[in-house]
């Protein structure tokens, strides 16, 4: 978290264009466009600032900005996990919470890639960290990050 806090501090300084120790909705809009290429309406920027503005001054200080950034980052991670879970469920069989060589073979066949059980076992072995012959959701997440 220390590294993340240092990163948020660096981002805060970059967003604080006039170096007044506060980020306005206008500064937030400009920097979102420059940093991420995302267009943000004035209303969206105001709403985002307002959601994290604990002292009601219409601006974000470094602490408010950091809390907002952490919340947004957590939201992105939750969304990513939901997407991964949807993908995982496509490959698992019978709702057992694991991908077996047979369930992998079945899904790959549906996708037009016809692999034998042996090839599917080999694919699973690469990410089967606990050696149980199947891929758990945790192992699936690691595999998708590789």
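Yeah, the Cβs are placed from backbone N, Cα and C, and that goes for glycine too.
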Quiz item: Of 46, 63, 64, which does Swiss-Prot put in the Ca(2+) 2 site with 53, 55, 57?
Solution: 64
Practice problem: Round to the nearest Å and give the CA-to-CA distance linking residue 130 (Ca(2+) 3 binding site) with residue 55 (Ca(2+) 2 binding site). | Solution: 49
Self-check item: Positions whose Cβ lies under 8 angstroms from the domain 'EF-hand 2' (40-75), at least six residues beyond its ends
Solution: 4-5, 8-9, 11-12, 15, 21-26, 28-29, 32-33
Quiz item: Of the binding-site residues listed here (18, 20, 22, 27, 139), which is spatially closest to residue 55 (Ca(2+) 2 binding site) when Cα positions are compared?
Solution: 22
